[in-house]
Amino acid sequence: MSQPTLFIDRDGTLIDEPKTDFQIDSLEKLKLERNVIPALLKLKDHYRFVMVSNQDGLGTDSFPQENFDKPHNAMLEIFRSQGIEFDAILICPHKPEDNCDCRKPKIKLLKKYIDKKLFDPAHSFVIGDRATDVQLAENLGIQALQYHPEKLDWDLIVEKLLPKTTACERPPRYAEVVRTTKETDIKVQVWLDETGVNQISTGVGFFDHMLDQIATHGGFRMNVQCKGDLWIDEHHTVEDTALALGTALKQALGDKRGIQRFGFVLPMDECKAECTMDLSGRPYFKFKAKFKREKVGDFSTEMTEHFFQSIAYTLMATLHLKTQGDNDHHKIESLFKVFGRTLRQCIKVEGNELPSSKGVL
């Protein structure tokens, strides 16, 4: 039966991986990653767990089977004692030079799950600490969460996989906007009181990454799907996505009762990006940034200003943005990040009063 599934790496993700020899071949080396057990306990009612691991030279003189089995079985027993079970444990014992067809990121180990359609691609993930885990996810057609003990630990993974409503006493602040023209076909969904995995696909890779920065730093979740006339250029895709996203944010905010309304973030990152915002209902936009390059990846740098201008007018917000620095990629990214952080302040619910002496926003 197709169901949400987490394909989880072992070394460096579930348990610590020694940086000396990259082998857990004794009980002394066995150490669980921080908060992995509480995280898996929260996730187990929502996902099936499948362990997928490369173990270089397992069963050879360089890594005897019995040396692997002792800490591995001890790890499994710890998990079982806490009510955590794996549907399967799939291990490739080969070294890279063996050129096998089962070593991650190749997918032969998961043949049963693929052939029998046992996992739901829309709600399944690969969790691992290496680039090979990210590539495995791409080969499976699902998303990856690249574990990192500081940047994306198990607590954050749970937060992404189990969206939670932070304003339970209020109706969910959700909006869906569909915008179809001769140039683009767009669907935007926003959940202002949830965090989780953002599903974003516009056909412009750098732009997808920038949109994800808005939601991530804004503390909300969103899905953006856009099919545009990219055979011409990305202008309509970027502009129309901004218009749809601004409209969705405005609709999700409702009457704006209880929100903080104002937000500002002073210089952040190496690029010194600044943002001031007022969800005033009166659109105004001011932008100050200079770019040396015509494009960053597949994204025209001139579309940065146009994106924020478009979103300011459909969001009906006063927006001031500026950045300075040396690297155009970093400057653009800093603007999307600082916009997200400022928006996070503005949409935060503080009470039930309307933040306006006029009685309307």
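Using the three backbone atoms N, Cα and C, a Cβ is placed for every residue, glycine included.
Along the region 'Histidinol-phosphatase' (1-172), the predicted structure has mean pLDDT 91. According to Swiss-Prot, the feature region 'Histidinol-phosphatase' maps to 1-172.
Classification of Asp9 (active site, nucleophile) by DSSP places it in coil, neither helical nor stranded. The active site, nucleophile feature in Swiss-Prot is assigned to Asp9.
Under DSSP, Asp129 (Mg(2+) binding site) is assigned to coil, being neither helix nor strand in the three-state scheme. Positions annotated as Mg(2+) binding site by Swiss-Prot, on the basis of sequence analysis: Asp9, Asp11, Asp129.
Feature annotation from Swiss-Prot assigns active site, proton donor to Asp11; the stated evidence is sequence analysis.
Residue density at Cys102 (Zn(2+) binding site): 17 other Cβ atoms are found within 10 A of its Cβ, drawing on all protein chains shown. The Zn(2+) binding site annotation in Swiss-Prot covers Cys92, His94, Cys100, Cys102 and rests on sequence analysis.
The region 'Imidazoleglycerol-phosphate dehydratase' annotation in Swiss-Prot covers 173-361 and is backed by sequence analysis.
Per-site Cβ counts within 10 Å over the recorded positions Asp9, Asp11, Asp129 peak at Asp9. Cβ proximity to the Zn(2+) site centre (mean Cβ of Cys92, His94, Cys100, Cys102, cutoff 8 Å) flags the following additional same-chain residues: Asn54, Pro93, Asp98, Asp101, Arg103, Lys106, Lys108, Leu109. DSSP assigns His94 (Zn(2+) binding site) to coil in the three-state reduction, placing it in neither a helix nor a strand. The Cβ of His94 (Zn(2+) binding site) has 19 neighbouring Cβ atoms from other residues within 10 Å, across all protein chains displayed.
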